[in-house]
Amino acid sequence: MKKLLTGEQVVKSFGTGEEKRNVLDDVSVSIHEGEFVAVMGPSGSGKSTLLFALSGTDNVDGGRVAFDGKDLSMLGESELAELRRTQMGFVFQQPTMLKNLNILDNIVLPSMRGSRRPAGAITARARALMDRVGIAELAERDIAQVSGGQLQRAGICRALMNNPKMIFGDEPTGALNSRAAEEIMDLLSEIHAEGTTVMLVTHDAKVAARAERTLFMRDGNIVSELRLPKFDGQGLDGRIGQVTLKMREIGV
Amino acid sequence: MYYRMIRNDLSRSKLITMTTLIFVAAAAMLVSLAAMLTVNLTGAIDTLMVKAKTPHFMQMHTGELDMKRLSAFAEQNDEVDDYQVLEFLNMDGAKVTLGGQSLVDQVQDIGFSVQSKAFDYLLDLNGHAIQAEEGELYVPLTYMKDNTTRIGDTAVIGERTLTVAGFLRDSQMNSTLASSKRFLVSAKDYAELQSQGSVEYLIEFRLKNLSALGAFEAAYAAAGLEANGPAITYPLFRMINAISDGMMIGVILLVSLFVVAIALMCIRFTLLAKIEDDYREIGVMKAIGLRVQDIKRIYVAKYAVIAAAGSLLGFVLSLGFQGLLLENIRLYMGESDQASLGAVFGIIGILLVFLAIMAYVNGVLRRFRRISPAEAIRFGTAQQKVSGTGSLRLSRSGWLNTNVFLGIKDVLSRKKLYATMLAVLVISAFIMIVPQNLHATISSKDFIQYMGIGDADLRIDLRQTGHISEQAAEITDVLEADSAILNYVMLTTKSFPVKLENGSEERLKIELGDHSRFPIKYAEGVAPGADHEIALSVINAQELGVHVGDFLTVELQRKPVRLTVSGIYSDITNGGKTAKAVFADSSAEQMWCIFYAELADPAQIISKAGEYADRFPETKVSDMDEYIAQTFGSTRSSIEKASYAAMAVALIIIVLVTLLFMNMLVFKDRYEISVMKAFGFTNGDIQLQYLSRSVFILVAGVVLGTLLANTAGEKLAGAVISSFGASAFQFTPDPLFSYVLIPLLMAGLVLIATIIGTSGAGAIKISEHIKE
């Protein structure tokens, strides 16, 4: 498989002078096309920072990040924005919706910006995605009128609008109850099964258990990783057990 | 602790602190200046009128004077403290040359007098009554102000040569709005000059008690004493003296209120941005049990420092600037006896500004009560409620650019937030357009029609001559025969007794002739068209207590005739007390005659004016532009200056408020900006959204401001104009300036300020705001 995303000796620090602290300390990682990678670790270990650094939403202080062969440090602000818009999809812990747009408009938002597709085709794709994730009837609702789980489904629709090569998720189930979380993970698994590369940051072993590879972080470094066979919808409990065991082993 | 927090905070936001400080200082300076100027103006007028012993009642009169009858009246009337009759030797401007410059083009009546013995003194610039020596001429201040002459210049009056020995303050006729100007000469020179001009009398009274003035005026009229000319009272002298500088103070006061409002708005924007920035910390402080009062104190302390520093700076600046603005008051009126009170009132003014700011900051900080600690700690930003998503849909936006759509949509979703910015733009458009339109209006020829004078090219005044009717007939013949004259009219003014409802009698000056030739604009009703109709000036109608349709009993050929009031018009001539009718009368004596003429070729106006002036030396021929310039020149230039000052102030305000507002908005919207950036919106996209918001508000602001300027603004300008005798008023704007240039200037500055104000959006990091 071709490498889609690589981070080489990535360094990211916060603070200045004596208070300067490396949140990512010489991290190297590669993610292949079609792979499902989870990142786990205690709070402050640098998981989310790694996700933001690898997705080009935050700049790095050292090392190199490349996506699909392009060195992100060589891209300008608008090229990076275009890359995020056309090649990447994001799902965050909070729904990150614009309050003054309804659900449908929030979903079409990234596609309406600079897309050559006609508005009708964009809306049709949004409606098809909403239908697929089971929120078709919520299109005209305001975001305050739907549940957290429904909003997160809408977030996934938005992430998929431009057929991204890769989906980045930062605790996408972190603010949901267990049932809603399971439904979201089923959806992400489905998307992955269709060939989309996925990278998720999570605290939850149940989420990581769906990944083929889980990276464990501590103090700004990847300290271990667990490889599992591709998830086919069977044997989730066993996979969860393996992830939990690994966590205990390395003490994260 | 407060000191350290304030210092850190101020040093972190130097630009915003400086901006707020500048506005507070400007507001304090203007309020302080308005207070100081008001105290000085009223004080200076009082001092001048006390030193000059201005008459309480003055009747101008041309013609025979029965001194015995006048003395008998004065001695019998208990209210009279003192009285005198001064001579005012009317001289044609053509006969007067000051420093080689002829006064031939002067519209104002030029008169020579000797110093009064009892009261109504003509004062030097130190406030002392001048005693002119033989060969000396003292010139009204207005000729010093417009650089007509200087001390030491040679003055030629008729065949007599005098030397300009100084300038004089005249408590009656200082203002350019007063239609006559008095020159002072020695008694000997006066006697020599007497044959050169015609004498007009100033019959003057000082009363024991000014409150009896109304009764005295009625008694004077009832006694049928000399009244062939305008009568002017003490309050009117006071008003005429105050009007020019009073208007300036009024404008400063209005602008100061506006700047105070802007200063409060700046504080609001910066404070709200600061609260947004500190949202989580405020939540934490509340959560750990700090009282709202304690948290507020941290913020109040900072603004107390800014408000105190700004107010003090404003006061110091006002002390510096007051000299400049007091220049005119000092020149025309002299020093006020209460000058020291000016500083006291200035301090009261800045204290008011300081207190208003502190009260306002307290008001804005009341929102701390509503901050939920849990929500603040969790989200770090105010969870702003939007007023629904409305019917505008991005998915159905069609051709509209997504960023433009998002900009407009945001304004419509958060109308309350943008209302402040809109208000600033509306007010700014208003304060730029109204003075500009007012200036364009009073500069236009149409304006004279509001002032009670028809729209003509030439005006020929025939006064102070013993044979008015013969001369009038001669002028009529010449005008009739002159092919260059397209149209003309002769209006003759005569004085008639009017019987009032209470049985008393007053004399009314009625201008007779065809009033349809050079029509004026009527505040109410129409021009008199039939013999039984009369039109009255606003002041006359008010004094006589009549309205359009009412009757007025006028004595014509010793018989009472009931005339219907057909219309009421504004007038600034002859003390604003005139009337117009068309009936023919051969009984009353002609007081004066005015010809208005329209030329076939307006390019000939100046040459024709010269030709008629040469041909009829006893008349005063003016081209109307010059007449307007001399009558309203200083008012017009004051309004012009004020209009440019208002424009500069408004434009500065637009830039600063837009900068601060956009800065605050970026703070408020940092979460949404992060979201959009995460989903592939560039900094350029974000900026375009903000520019769309600005343009949307700008268009609304300009449209509303223009509408407001042409409705409420027109009424406001009408009120200003009415203060000098006009009531009907309509703008005659310069459309290119008011409706193209001003909106373009506003648009340019708003866009530049938006770009600068939102430049911070580019620095917003997605990862810092989108997490959690």
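Heads up, the Cβ atoms here are built off N, Cα and C, so glycines get one too.
Database features (TrEMBL):
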DOMAIN    B:254-360  domain 'ABC3 transporter permease C-terminal'
DOMAIN    B:645-758  domain 'ABC3 transporter permease C-terminal'
TRANSMEM  B:247-271  transmembrane segment
TRANSMEM  B:300-321  transmembrane segment
TRANSMEM  B:341-361  transmembrane segment
TRANSMEM  B:417-435  transmembrane segment
TRANSMEM  B:644-667  transmembrane segment
TRANSMEM  B:688-709  transmembrane segment
TRANSMEM  B:736-764  transmembrane segment
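Sequence-distant contacts of the transmembrane segment (B:736-764) (same chain, at least 6 residues past either end, Cβ-Cβ under 8 Å): 425, 428-429, 432-433, 436-437, 440, 647, 651, 654-656, 658-663, 665-666, 670, 673-674, 677, 683, 686-687, 690-691, 693-695, 698, 701-702, 706, 709. Taking every recorded stretch in B:341-361, B:417-435, B:644-667, B:688-709 and counting its Cβ pairs under 8 Å to the transmembrane segment (B:300-321), the highest total belongs to B:341-361. Taking every recorded stretch in B:247-271, B:417-435, B:644-667, B:688-709 and counting its Cβ pairs under 8 Å to the transmembrane segment (B:341-361), the highest total belongs to B:247-271. Each of B:247-271, B:417-435, B:688-709 was scored by its Cβ pairs under 8 Å to the transmembrane segment (B:644-667), and the highest score goes to B:417-435. Note: the domain 'ABC3 transporter permease C-terminal' (B:254-360) comprises 97 helix, 0 strand, 10 coil (DSSP; helix = H, G, I, strand = E, B). Cβ atoms under 8 Å from those of the transmembrane segment (B:247-271) belong to residues 13, 16, 19-20, 23-24, 26-27, 30-31, 33-34, 37-38, 41, 299, 303, 310, 325, 353, 356-357, 360-361, 364-365, 420, 424, 427, 431, 635, 638, 642, 645-646, 649, 653, 656-657, 660-661, 663-664, 720, 723 of the same chain, restricted to positions at least 6 beyond its ends. Counting only same-chain residues 6+ beyond the ends of the transmembrane segment (B:417-435), those with a CB under 8 A from a CB of the stretch are 255, 258, 261-262, 265, 268-269, 411, 639, 642-643, 646-647, 649-651, 653-654, 657-658, 661, 665, 668, 693, 697-698, 700-702, 704-706, 708-710, 712-714, 716-717, 733, 738, 742-743, 746, 750. Proximity of distant same-chain residues to the transmembrane segment (B:688-709), defined by a Cβ-Cβ separation under 8 Å and at least 6 residues beyond the stretch ends, is recorded for 401, 403-404, 406-408, 410-411, 418, 421-422, 424-430, 433-434, 437, 658, 662, 665-666, 738-739, 743, 746-747, 750-751, 754-755, 757-758, 761. Helix, strand and coil content of the domain 'ABC3 transporter permease C-terminal' (B:645-758), in residues and according to DSSP, is 96 helix, 0 strand, 18 coil.
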